[in-house]
Amino acid sequence: MVVKFYNTLSGEKEVFVPLNDKFVGMYSCGPTVYDFAHIGNFRAYVFADLLRRYLEFRGYRVRQIMNITDLDDKTIRASGEQGVSLREYTDRYIKFFFEDIDLLRIRRADLYPRVTDHIEEMADMVRVLLDKGYAYRKNGSIYFKVEQFRDYGRLARLDLSKIKPGATVEADEYEKEDVRDFALWKEKKEGEPFWVASIGEGRPGWHIECSAISTEYFGPTIDIHTGGVDNIFPHNQNELAQSEAATGQKFVKYWMHCEHLLVNGKKMSKSLGNIIALRDLINKGYRPEALRYLFVSSHYRSKLNFTWESIQHAANTLDRLNKFVERVRDYESNVRKNDEITMLISRTEEKFVDEMDNDLNTPGAFAAIFELVGKVNPALDEGNLSTEDAKMVYELMLRFDDVLGILTPGEREELSREIEALIEERERARKMKNFALADEIRNRLGEMGIILEDTREGVRWRRK
Ligand code: AMP
Ligand code: ZN
């Protein structure tokens with residue numbers, strides 16, 4: 001059994017062999033902290049988390065680093081508009097980012113280096129590129145000479161004949177068709193933060209940050225680099241060119257990119273005005289795990305269209321899985337061991353691993369899980385499995401969840417007591433005509449994913 005991953009660079013699934021036996025160095029392009037991250041962004045981070053959890057499940061030791069872009073055109077503009085320092089402005093969104101990744105059960109990376117803490121390393125790399133003839137100065141800024149790098153365009157599969165030699169782009173974001181020399185270092189500008197470095201006064205461009213940060217912590221070569229597909233060009237392509245030009249060594253062994261989260265067939269993005277934040281879902285009563293389930297149950301290389309029906313469906317399915325897990329956990333019986341269940345457990349585990357080994361084929365892995373659920377549930381109904389059988393199924397589900405991170409068994413009993421108490425409190429408030437308090441309690445329950453229904457027999461609750 002071997003692990004295979006699709007490598008964007010080769011366009012093929014390749015056997016995964018890290019540089020260093022069981023150690024994996026993984027770099028993930030992180031957030032630009034100018035605003036709340038939207039759930040499209042989180043698809044990319046959940047994907048990186050799933051990848052890392054699976055590698056750990058397979059016995060690898062993973063070191064993951066994710067940069068935080070706290071310096072670019074957008075963060076500078078937004079902090080200027082609000083009249084606060086760049087640091088103060090970005091601190092706020094970094095805090096929100098960490099709150100959200102914790103809610104989504106994304107395991108923390110080993111380090112989250114901030115761009116503004118690594119300006120010197122970036123300037124040093126630009127100096128090397130200047131010295132080696134891969135960069136040139138123009139109007140006070142420094143640009144990478146695309147023409148000079150023989151392999152430019154391979155990762156992004158670009159048509160190199162479109163390159164206009166010597167044309168320069170300075171903006172951090174530019175149109176896909178623009179294949180031109182890009183800014184490594186931008187000249188100091190009135191009203192913008194700048195740093196004094198050996199190469200001059202100014203600030204680094206966007207792409208150099210990931211090259212410099214990953215080289216600082218991993219050396220010239222890393223095993224895996226992750227991002228969303230929109231990172232491939234220009235960002236990752238430029239990272240690759242800069243790094244390999246500077247170090248003379250291969251930059252990344254496996255480039256892995258996840259497809260976009262869409263809304264009505266269009267990429268979820270701030271500029272299209274179709275974004276949804278994690279807190280929007282939570283305010284509607286969905287658990288973060290429902291979103292995580294939606295993400296991990298579809299393949300990371302397929303586009304995923306977000307709809308309210310799909311998140312509702314995810315929430316329902318997850319409820320069923322949680323109920324199943326509680327059932328096998330709490331089941332007791334004095335019947336003898338059922339050998340079919342033992343066989344089913346090992347078959348399910350094998351299938352899960354086979355599917356995940358195959359470029360993280362989570363839809364296949366979930367098919368195996370649902371087959372297990374479909375066979376064990378009737379056995380539980382009929383009581384023809386032993387306590388030990390049920391316990392083994394329970395432990396298997398928890399092992400899978402170490403990779404998937406979606407289950408929340410155990411809180412149900414306590415939760416229902418808490419919910420009942422809140423409902424009673426609300427009833428009392430209503431009787432006393434304290435409608436403000438009653439509404440507040442209803443909202444609190446809403447946040448917990450509970451909908452109240454007034455029936456003739458009194459108030460009932462159900463999960464969203
Ligand atoms: P940004 O903060 O814009 O640099 O984006 C952070 C990460 O989110 C990058 O890895 C992007 O590729 C990824 N990303 C942005 N929009 C989406 C989307 N709609 N679906 C999936 N990933 C996305
Ligand atoms: Zn990056």
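Residue numbering: from 1, along the chain as shown.
Every residue gets a Cβ built from N, Cα and C, even glycine.
What TrEMBL says about a protein is an automatic prediction, not a curated fact.
TrEMBL lists Cys29, Cys210, His235, Glu239 with the feature Zn(2+) binding site. In this structure, Cys29 (Zn(2+) binding site) belongs to neither helix nor strand by DSSP; it is coil. In sequence order, Ala44, Met66, Asn67, Cys210, His225, Thr226, Gly227, Gly228, Asn231, His235, Asn236 are the residues of the chain that are 6 or more apart from Cys29 (Zn(2+) binding site) and have a CB within less than 8 Å of its CB.
Lys270 (ATP binding site) falls within a helix when secondary structure is assigned with DSSP. Summarising the annotation, TrEMBL assigns ATP binding site to Lys270.
The feature coiled coil is assigned by TrEMBL to 412-439. Tertiary proximity for the coiled coil (412-439) is limited to same-chain residues at least six positions away from its ends with a CB under 8 Å from its CB atoms, namely 322, 326, 445, 448, 450, 452, 459, 461.
Annotation source TrEMBL lists domain 'Cysteinyl-tRNA synthetase class Ia DALR' at 351-415.
The motif ''HIGH' region' annotation in TrEMBL covers 31-41. Below 8 angstroms of C-beta separation, residues 68-70, 72, 74-75, 77-78, 89-90, 93-94, 96-97, 100, 228, 260-261, 267-270, 275-279, 281, 291, 306 of the same chain, each at least six residues beyond the ends of the motif ''HIGH' region' (31-41), sit close to that stretch.
As annotated by TrEMBL, motif ''KMSKS' region' applies to 267-271.
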- [ ] Would you identify the secondary structure of Cys210 (Zn(2+) binding site) according to DSSP, in three states?
- [x] helix
Task: Chain-internal residues near Glu239 (Zn(2+) binding site), provided their CB is under 8 angstroms and they sit 6+ positions away - done: His207, Cys210, Ser211, Ser214, His225, Phe251
Task: Per-state residue totals over the domain 'Cysteinyl-tRNA synthetase class Ia DALR' (351-415) - DSSP helix, strand, coil - done: 50 helix, 1 strand, 14 coil
Task: Least Cβ-crowded entry, counting other Cβ within 10 Å, from the binding-site residues listed as His235, Lys270 - done: Lys270
- [ ] Under 6 Å from ligand 1 by C-beta, which of these binding-site residues make it: Cys29, Cys210, Glu239, Lys270? Sequence order, please.
- [x] Cys29
